[in-house]
Amino acid sequence: MSGARCRTLYPFSGERHGQGLRFAAGELITLLQVPDGGWWEGEKEDGLRGWFPASYVQLLEKPGMVPPPPGEESQTVVLPPGWQSYLSPQGRRYYVNTTTNETTWERPSSSPGIPASPGPHRSSLPPTVNGYHASGTPAHPPETAHMSLRKSTGDSQNLGSSSPSKKQSKENTITINCVTFPHPDTMPEQQLLKPTEWSYCDYFWADKKDPQGNGTVAGFELLLQKQLKGKQMQKEMSEFIRERIKIEEDYAKNLAKLSQNSLAAQEEGSLGEAWAQVKKSLADEAEVHLKFSAKLHSEVEKPLMNFRENFKKDMKKCDHHIADLRKQLASRYAAVEKARKALTERQRDLEMKTQQLEIKLSNKTEEDIKKARRKSTQAGDDLMRCVDLYNQAQSKWFEEMVTTTLELERLEVERVEMIRQHLCQYTQLRHETDMFNQSTVEPVDQLLRKVDPAKDRELWVREHKTGNIRPVDMEI
């Protein structure tokens, strides 16, 4: 489908996406890439390129002119008057008669209103209601919807028939907690938004069963729980560093106190000098540990504690925002189901009155049929409006989910990197402290190497000698 053109249905800012394509409603875009996953790449008429949600646009084909099917001549084929050609969201071409609102997969012949070959595929396209398929897919682009076309009386049996389209919808999609997903048995696997990164934006769309069996947990709630758990882990790391600081402070205080102890203060000589240096090294070491504890507080503990002070409040706002979008989506889904039920009831009423007309012809019965047909048509309009509002709500939820999960992913990377850097700072401070501690004992080592017992003895004897005359034997 690359190279096809589409028209934007709703404005898209693209501000919160790195490669988003900004556009207003009603602009024309040429498709460049159309992978599975709900996001397409396109180029606007002014040359700007970027990605956008596929649900924000309607595929177009120039009315009245279509390329020939495979095997026919390559020249452009002109459709009969009243017929237009379009592409379905899956890229398949179909045809709409704007006079009778008839839809068919087969290319019409030159006779107005008659397909080239009726074939078995004619009924494969879902029935339409006021120019829309009952599943919510437009049967022709928005610019022709204002014509308010209605089916003829002979097509009243198909008008608004919700059962075939609903069956087809069930075959192709599955709705879980009011969110519509491709059916895993019939739809190909969707392409990931970030295939090689195990990104949050790819793996948390559905809900997960509670391990305790008490219900389900939304995928987005799991991401929030991880963020809050990370914040708690960060807080506990800060508390751990605080305990380490307390140990350092107590250790420094005890070292300083011990350095003032008077034990062995009367040791003399070179050994006494070495002993005095040992006690002084304790005071120096105490100062080193005090500085270490102060740096731990300012460079490790405090940053860990103060990082994202309003994180919980921000996560709460984020949770409420996504929850509100999910509630709105559930409300839109309930409205669709209600409108679908109302349409079925109107169709049943129309069918009953049509049968009554066959039994007994009267002006009153014909008038009842007209009223029933109007009500059925109105019910079809209401259903399409509800489906459109639901799709808009789901697209908004999808866009916010992608943006928010990518932001949560960025925050988690930022948190881990911040903690890593501060733990590296902790180990650096430890190395510096060990070096300073080593420097406090180096003077002690030098003095210990100078301890000389013989010299100490000489000095002591010189100071305390009492005489150097030895006793002799007594003479008679």
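Placement of Cβ uses the backbone N, Cα and C atoms for every residue, glycine included.
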Stretch carrying coiled coil according to TrEMBL (options 326-367, 368-409): 326-367
Within the domain 'SH3' (1-62), residues counted as helix, strand or coil by DSSP: 3 helix, 28 strand, 31 coil
Mean of the pLDDT scores, which run from 0 to 100, over the domain 'F-BAR' (196-456): 88
